[in-house]
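Database features, via Swiss-Prot:
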- His110, His114, Asp299: Fe cation binding site (BINDING)
- Met133, Val134, Ser135, Gly136, Gly137, Asp166, Gly179, Asp183, Asn271: substrate binding site (BINDING)
Amino acid sequence: MIVLGIETSCDETSVAILSDGKILSNVVSSQIDIHKKFGGVVPEIAARHHLSNLPIVFKNAIDMANISIDQIDLISVTYGPGLIGALLVGISFAKGLSLRLGKPLIGVNHIVGHVFANYITYPHLKPPYIVLMVSGGHTEILLVKQDDEIEVLGKTVDDAAGEAFDKVARILGLGYPGGPEIDKLSKNGDENKFNFPRPMMDSKSYNFSFSGLKTAVLYTVQKFDKDNVPKEDIAASFQKAVVEILLKKTFKAAKDLNVNTIVLAGGVAANSYLRKKAQKLSEKQNIKVLIPPLEFCTDNAAMIAMAGYKLYKKGISSDSTLEAVPNLKI
């Protein structure tokens, strides 16, 4: 089965083609440089660029896969969560293509896409497994019981982890996006220099909170003269606190539920410190941890195509009434 995936939920325009779960093409056009000067994604600008980029990215994906559009068997598209204007561009394109080709359409939850990105690298992965889903907009611990049955065990009660990274990067005067900037800066810092709070880390629930940690960083920065802020040490200490919170909760969930596999998903899963610490804990606690390659952590259409492929095989599909749902939940 040849599946076309379309992803336009935020600031990446992406089209991918999979054949029975194997990637034939995965083209991503990023808008990071466009939004960098604004310090974040501007929804209207993002939507306009999706509109102009999508036909070009689509053609490139078809050419790279070396197929004709008539060979496409299924069209899979992100319908939420995300920016309403950006989502509508992808959905409208997918609907038009489905109508033109007479091929089935399936709407995919962007978060489920991130989870299912792991099937690309780990095709033998089977439920049940625990997911640490960490991105700019979402931080959740999920239990995948079946491909079409995912339970939210815990989530952030305020900022997402990626959002906290961006806000702390801004406090430190770093560029956008903040996650990679802090990751890079931390490599030259002392992670034990500042003992930042770990909100909710020892609570019985699997929920997270990062706003208090972010505020603690702000107060610490304000104690220093503007030109003498130890940015490397603050970044490293902050990053350590976030990762400890994330991993303690996730491994607790795996132990409590007697699930022996944890997978990482989402943009923050690209963080080198998180990846390293997750691997170390895996060996220490004898729980398997699967970490996606960097290109499948950030937004891409291959993950949407894979999710569509898996769910369509479960008998799930959409029709022409498919609409964008900006605040879509799992």
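The backbone N, Cα and C atoms fix where each Cβ goes, glycine too.
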Around the Cβ of Asp299 (Fe cation binding site), the count of other Cβ atoms that are within 10 Å: 27
Candidates His110, His114, Asp299 (binding-site residues) - the one closest to Met133 (substrate binding site) by CA: His114
Secondary-structure category, per DSSP, in which Ser135 (substrate binding site) falls: coil
Separation of alpha carbons, His114 (Fe cation binding site) and Asn271 (substrate binding site) (Å): 15
Among Gly137, Gly179, the most crowded of the binding-site residues [Cβ within 10 Å]: Gly179
Extra residues within 8 Å (Cβ to Cβ centroid of His110, His114, Asp299), Fe cation: Glu7, Ser9, Thr78, Ile111, Gly113, Ala117, Ser135, Gly266, Asn300, Met303, Ile304
Residue, out of the binding-site residues His110, His114, Met133, Ser135, Asn271, whose Cβ gathers the largest set of other Cβ atoms within 10 Å: His114
Secondary-structure category, per DSSP, in which Asn271 (substrate binding site) falls: coil
Integer Cα-Cα distance in angstrom, Ser135 (substrate binding site) to His114 (Fe cation binding site): 10
Secondary structure at Asp299 (Fe cation binding site), reduced by DSSP to three states: coil
